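Asks: Pulled these features from TrEMBL for this protein:
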- 22-294: domain 'G-protein coupled receptors family 1 profile' (DOMAIN)
- 6-32: transmembrane segment (TRANSMEM)
- 44-68: transmembrane segment (TRANSMEM)
- 88-112: transmembrane segment (TRANSMEM)
- 124-147: transmembrane segment (TRANSMEM)
- 169-195: transmembrane segment (TRANSMEM)
- 243-263: transmembrane segment (TRANSMEM)
Amino acid sequence: MDLAGVLLALLLVLVLVVSLLSNLLVLLCFVYSTEIRKQVAGVFLVNLSFCNLLLTVLNMPFTLLGILRNQQPIGGCVCKAVGFLETFLTSNTMLSMAALSIDKWIAVVFPLSYTSKMRYKDAVILMGYSWLHSLTFPLVSLFYSWVDYNSVYASCTLHLKEETERRRFTVFTIVFHSTSFMLSLVILCFTYLKVLKVARFHCKRIDIITMQTLVLLVDIHPSVKQRCLNEQKRRRQRATKKISIFIGSFVICFGPYIITRLIELLPFVTINYYWGIISKCLTYSKAASDPFVYSLLRQQYKKVLINIVNRILKRDLYPSSGYNSSLDTENDYCLHRTN
């Protein structure tokens, strides 16, 4: 194995370890905290972490073996099962992120009617659709024998073996990525841009009140006034940064791989081996980043983890104070920072 292959293998090992630990922590917080389990968004987060954990345990190791051996690491039947799971789990995680964005949109844009618009039953229905949608395409690909080891990506995934099937496989691939990646991306952009619009409105309203207060307090110290102005600037940027992370991480991690899979449908295009592995590792990196983007960096999850550590070390426990996670985004736009 050359140096590039070694570096790619090390990158995948790092992604695997981080993904395994972080997703386990999210599931541990869900089991430990009653407040988190009460939240409707917890259904989407658990489904997302569960799918990411399965992808980490059942798919990443075989891709790692494929890189190390530079050949198919497992038998045909097992490879088909692994490829089936990868297609299903990847699609399911995308739709779970779309469901989370819908939950945020309803919570921020319709806060007074959130409890009636987004109930546990509604969340279960959304996840049921996600599972049904995600199962359809791998079942079709398995029926047509389009699941096999693909050396370009060093993994068991969608793969065309017979040129006579190219037209049918091309239609299938376009429809699959359009109804998983593109559909999820459209939902993410629509919902989070609506959330950003509401956030900017609240920031503008708070800025007006702050400026009026500063005008009235003529004896206020210049350093205090400057801190208030700096907080105004940070508050305006905070919502934009969060929305950019939600959408940006989705595009950066999944985009290169999806575009590569679409480009390779052209019969005269040959995908570079190293680029194929890199794009594959990027999709796996989403499983490692999701727990931090959606859960572990939030104050509520930090408190739960601290309580778990204190219980393990037999220290005095802090009182667990939960708050509605669906209002996190809206609260971030207010003056009270929870960093």
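Every residue, even glycine, has its Cβ placed from backbone N, Cα and C.
Nobody curates TrEMBL annotations by hand; they come from automatic prediction.
Remember, it's a predicted structure, so these values are computed and weren't measured experimentally.
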Asks: Residues of the same chain, at least six outside the transmembrane segment (88-112), with any C-beta under 8 angstroms of its C-beta?
Replies: 40-41, 44-45, 47-48, 51-52, 54-55, 59, 118, 123, 126-127, 129-131, 133-135, 137-138, 176, 180-181, 183-184, 187-188, 190-192, 194-195, 198-199, 246, 250, 254, 283, 286-287, 290, 294, 324, 326-327, 329-330
Asks: Mind pulling out the one from 44-68, 124-147, 169-195 with the most Cβ pairs under 8 angstroms to the transmembrane segment (243-263)?
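Replies: Ranking 44-68, 124-147, 169-195 by Cβ pairs under 8 Å to the transmembrane segment (243-263) puts 169-195 first.
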Asks: Are there residues at least six beyond either end of the transmembrane segment (44-68) with Cβ under 8 Å to its Cβ atoms? List them, or say none.
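Replies: Answer is 1, 5, 8-9, 12-13, 15-16, 19-20, 23-24, 26-27, 30, 74, 79, 82, 85-86, 89-90, 92-93, 96-97, 99-100, 103, 123, 126-127, 130, 149, 151, 153-156, 277, 280, 284, 286-287, 290-291, 294-295.
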